Amino acid sequence: MKIVGAEVFVTCPGRNFVTLKITTEDGITGLGDATLNGRELPVASYLTDHLCPQLIGRDARRIEDIWQFFYKGAYWRRGPVTMSAISAVDMALWDIKAKAANMPLYQLLGGASREGVMVYCHTTGHTIDDVLEDYARHKEQGFKAIRVQCGVPGMKTTYGMAKGKGLAYEPATKGQWPEEQLWSTEKYLDFTPKLFDAVRNTFGFNEHLLHDMHHRLTPIEAARFGKGIEDYRLFWMEDPTPAENQACFRLIRQHTVTPIAVGEVFNSIWDCKQLIEEQLIDYIRTTLTHAGGITGMRRIADFASLYQVRTGSHGPSDLSPVCMAAALHFDLWVPNFGVQEFMGYSEQMLEVFPHNWTFEGGYMHPGDKPGLGIEFDEKLAAKYPYDPAYLPVARLEDGTLWNW
């Protein structure tokens, strides 16, 4: 099954996505997502200039060999740009293999391990009352797992806070320069438990409650925070501190039983190894688009299962619907599944990427169409050219650059 074509598309139907399409001599096509928020063009260039020319003439069935060739053959291994490009190739090849076998990807992986994929949504607001209103709306829609983020009094903006009432959270800003946001750890630590208290007092403990700290705290601050919120029984606290120094998670673990989720910025199993091996986390957040595609994520999930660490993959709308389709197949199959992030997509985005997934009662299903069950409208995508946008940076109130 020889590869005869590999094309890269950068489109912005509301936000920028990088899509790879691989075509075989049999006319079978596969799609892969290579989106890296704020760094889309470097990934597109890496694919166009390096990987795509070396795909032509290869056997599309040799997925593992192609993965190893691009990973080991480049010498400069890992990193978000390289791994996003490899991920897209891998995703597209699995799409092709499943289509050739005339079965949905989850069946090719080994079949369903569950009836549906539990997904968590995002609730947000400038005030606690706004968050409670948004929470009620998502609860009514049937979500069983809900992330809560809120504006902090005394801070103009913070991570997870939508720009307007009823709007989805969108961190990236258009233009050639990232927005700078002020951050106060003290104000955050003082306020956030009040948010959890209001949610639990209003809605009880029927839904799983999640919260993203987005790398903002030091290890001892995260330990104190996690211990102080134990009565609210969070499903997880996400990215409490930057994960470059993974040993620091031992300090957090020693002081709290609040579950920890980490890994959305990881690119390979090596990034995950220590945290999983020492059981310093409960959920691994790596995503198909940034950690080597289906092939890379299988290695991570299999390794995590040895230590009873479950998956909780990153999945906001800054990853394209192609990634979401692939993730739902992976989630339906993987034995040690925990939860899947899902923000949803605009109608405009889904017109460019017609999909086959369904949502009902807090659970999603990828559908039974052969392959990933996702398509790409190239003509419509061409009407939405790339539009520069960047994630913000954070500074402390004294001007010190901080972790966004």
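In case you wondered, yes, glycine gets a Cβ from its N, Cα and C as well.
In Swiss-Prot, the substrate site is described by N37, H122, R285, H314, D318, E341, and among E7, E64, E264, E375 the residue recorded at this site is E264.
Among the candidates E230, E238, E244, E278, the one that Swiss-Prot lists alongside D212, E264 as binding Mg(2+) is E238. Long-range Cβ proximity for H214 (active site, proton donor/acceptor), meaning a same-chain Cβ under 8 A and a gap of 6 or more residues, is found for Y159, G160, E238, D239, N403, W404. In sequence order, T287, G315, P316, L319 are the residues of the same chain, not among N37, H122, E264, R285, H314, D318, E341, whose CB sits within 8 A of the CB centroid for the substrate site. Residues D212, E238, E264 make up the record's Mg(2+) site, and a Cβ search at 8 Å around their centroid adds M213, H214, D239, A261, V262, R285, H314 from the same chain. Taking the C-alpha positions, the distance from E341 (substrate binding site) to D212 (Mg(2+) binding site) comes to 12 Å.
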